[in-house]
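Here TrEMBL flags 1-17 as signal peptide. The domain 'Cystatin' annotation in TrEMBL covers 20-126.
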Amino acid sequence: MKLAIILTACLFGTVFAQEGLPGGWNSLSTDDSTVNQLAIKSVNHHNSVNNSAYYKKLVKIQEARYQVVAGFKYEIKFLIGKTECAKTGNYTDSCQVAVNSPTELCTYVFWMPPVDKDRITSFDCVATNEDVLEKHLTINCEVFIN
Ligand SMILES: *[C@@H]1O[C@H](CO)[C@@H](O)[C@H](O)[C@H]1NC(C)=O
Ligand SMILES: *[C@@H]1O[C@H](CO)[C@@H](O)[C@H](O)[C@H]1NC(C)=O
């Protein structure tokens, strides 16, 4: 009898997981406008808190997902690259990521409570060993050629 109840619970659990449980993660398009705004906010945050002497710039958003938890939680993964613009000057749109500059993969989590201000609940950037920027440019070229 007990076993039957557990089995039933498991079956229901599976069904709910497939439908997307409330509170579970849902993937978002990297083209989503909120995702893009949050990625820009994240890079600005990184530039203001990190001790790098040069500004870093968004290269590509790789993944985004959200969760419904007392408002919304967004997790954004993106690549940044080091520009040739030193932080002793101002950042402008002409600051470019040099082709061979190291890239980093960042993961930022935002929480947007229903009434309070948005906040960053966690952030982390790690160096990527491979030259992701070059790879990214190559992929773009392939798409262009096709
Ligand atoms: C700056 O960012 C790098 C990775 O991008 C990280 O390893 C380092 O700990 C950060 N430094 C500070 C002071 O946040
Ligand atoms: C940077 O921007 C500030 C405010 O917009 C301006 O006063 C300053 O002259 C700028 N500095 C440089 C080096 O362009």
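Cβ from N, Cα, C; glycine included.
In TrEMBL, annotation is done automatically, which means it is predicted and not curated.
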Please list the DSSP helix, strand and coil residue counts for the domain 'Cystatin' (20-126).
17 helix, 52 strand, 38 coil
Confidence summary for the domain 'Cystatin' (20-126), mean pLDDT rounded:
93
